[in-house]
Amino acid sequence: MKRMIALDGAQGEGGGQILRSALSLSMITGLPFTITGIRAGRAKPGLLRQHLTAVKAAAEICRATVEGAELGSQRLLFRPGTVRGGDYRFAIGSAGSCTLVLQTVLPALWFADGPSRVEVSGGTDNPSAPPADFIRRVLEPLLAKMGIHQQTTLIRHGFYPAGGGVVATEVSPVALFNTLQLGERGNIVQMRGEVLLAGVPRHVAEREIATLVGSFSLHEQNIHNLPRDQGPGNTVSLEVESENITERFFVVGEKRVSAEVVAAQLVKEVKRYLASPAAVGEYLADQLVLPMALAGAGEFTVAHPSCHLLTNIAVVERFLPVRFGLVEADGVTRVSIE
């Protein structure tokens, strides 16, 4: 009988990252786990619709036996079966993040018996989760370098809090994992600003772009008007293309927050990234831990290790025979497999 891994959901950042990482790793390794205190560090602890959808999606893909899979549950037992490729569709039923559900199940499908397609409906532009364009334009090119081939398509936007968006990813089994070396980002090649609008006046986007232009030299400035029924919503993004990596930063607009303030938040985040010589931003660092661990080698630099990153590393080390090293030097933290 395989050993049971016991996890404390209050560990580290105390949110859903522990659960998502554990589900991915359990499916890959075949190791069962229990987790208590799910999202103990949040104002509303326990499983929300997004987390419950991730659990049910993982269970369907690997025919797992699950206990505690219900809204509000703070305890879960997950016994995985065999991962099967196929065509899967999952509905969150709220504006919960589609990409976080995909993030949970796609790594397991790298080990499936054939190609797969996973479609998730819910929220696509959520202030607490990476949008589909981040996955598509930033993460997936790096995964391709590692021998991981998946392609994400944003079918329909769904802004928080209404939801209604659809994201799909096609993924193939991985033949061989390659190592990723991202010690330096290199010189900046170009920067691109983009604003999405749905049911929001165009002058909002124009003011957001003006704020970005006031701080950066942009090679491109794009405003995309989406159908009104995909909103109301607004997202402003800035993409930084460097010699070795492309990073993308975003802020989701909020009611009663001016366009200038929304864009200024983005400017602050991008300036913080550019102020450090680190190659990888905070969100991307979280996403690279698992594929790097599966490759068994590699490294990247980040300005500061976030609580999400440290939590993710701790969970990975419980399931896989790897150890990460974090070394601070020259204004960055170098994260590597020891």
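Cβ atoms here come from the backbone N, Cα and C positions, even for glycine.
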Q: Kindly point out which candidate in GLN11, GLN50, GLN74, GLN103 is recorded by Swiss-Prot as part of the ATP site with TYR283, LEU284, ALA285, ASP286, GLN287.
A: GLN103
Q) Quick one: Cα separation, TYR283 (ATP binding site) versus HIS308 (active site, tele-AMP-histidine intermediate), in Å? A) 9
(Q) What does the structure give for the C-alpha distance between HIS308 (active site, tele-AMP-histidine intermediate) and ASP286 (ATP binding site)? Integer Å is fine. (A) 7
Q: Among the binding-site residues listed here (GLN103, GLN287), identify the one with the smallest other-Cβ count within 10 Å.
A: GLN287
Q.
In the three-state scheme derived from DSSP, which category covers HIS308 (active site, tele-AMP-histidine intermediate)?
A. helix
**Q.** ALA285 (ATP binding site) in three-state DSSP notation
**A.** helix
